[in-house]
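Trainee: Annotation source Swiss-Prot lists signal peptide at 1-20, citing sequence analysis. Swiss-Prot lists Cys75-Cys90, Cys82-Cys95, Cys89-Cys110 with the feature disulfide bond. According to Swiss-Prot, the N-linked glycosylation site annotation covers Asn85.
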Amino acid sequence: MKTIIVFLSLLVLATKFGDANEGVNQEQMKEVIQNEFREDFLNEMAPMSLLQQLEAIESTLLEKEADRNSRQKRCNGENVPCGPNHSTCCSGLSCEETFGYGWWYDTPFCVKPSKG
């Protein structure tokens with residue numbers, strides 16, 4: 001019973017004097033709010049905006065790098081059908097009508113350009 005009385009009295013004292021710290025906390029909060037709008041705080045914000053700008057630049061560079069590493073479109077090799085319904089011929093080849101099998105398939109083929 002005596003221990004309960006001691007704990008209850010401590011509880012009452014803690015609640016009574018615990019409110020005194022609340023006023024101190026409110027004063028500290030007011031100081032923090034006032035300090036936020038000073039020049040020091042604005043000077044701290046400038047590097048943050050610079051950091052955000054650098055991150056934006058970095059993201060665009062990474063996108064360009066990802067595009068550069070992407071796979072190129074495939075091209076047709078020699079003796080492969082070409083034309084409007086097919087992909088383009090590789091470099092060094094031209095899309096021409098041939099006498100051989102071109103007439104059978106009714107489409108031009110990728111061939112080496114004739115030198116004549």
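Every residue, even glycine, has its Cβ placed from backbone N, Cα and C.
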Trainee: Restricting to the same chain and to sequence separations of six or more, state which residues have a Cβ under 8 Å from that of Asn85 (N-linked glycosylation site).
Mentor: Thr107
Trainee: Measuring CA to CA, name the entry from the disulfide-bonded residues Cys82, Cys89, Cys95, Cys110 that ends up nearest Cys75 (disulfide bond).
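Mentor: Its closest listed neighbour, by Cα, is Cys89.
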Trainee: What Cα-Cα separation, expressed in whole Å, is found between Cys89 (disulfide bond) and Cys95 (disulfide bond)?
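Mentor: Given the Cα positions, Cys89 (disulfide bond) is 7 Å from Cys95 (disulfide bond).
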Trainee: Taking the Cα atoms as reference points, how far is Cys82 (disulfide bond) from Cys90 (disulfide bond) in Å?
Mentor: 10
Trainee: Any idea what the Cα distance is from Cys110 (disulfide bond) over to Cys90 (disulfide bond), rounded to a whole Å?
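Mentor: Answer for this pair: 8 Å between alpha carbons.
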Trainee: For Cys95 (disulfide bond), what residues in its own chain, 6 or more apart in sequence, show a Cβ-Cβ distance under 8 Å?
Mentor: Cys82, Gly83, Thr88, Cys89, Pro108, Phe109, Cys110
Trainee: Let me spell it out: for each of the disulfide-bonded residues (Cys90, Cys110), count the other Cβ atoms within 10 Å of that residue's Cβ, using every protein chain shown. Which one has the most?
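Mentor: Its Cβ has the most other Cβ atoms within 10 Å: Cys110.
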Trainee: Let's check the environment of Cys75 (disulfide bond): how many other CB atoms sit within 10 Å of its CB?
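Mentor: Its Cβ shell of radius 10 Å holds 14 other Cβ atoms.
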Trainee: By the DSSP assignment reduced to helix, strand and coil, which category contains Cys82 (disulfide bond)?
Mentor: coil
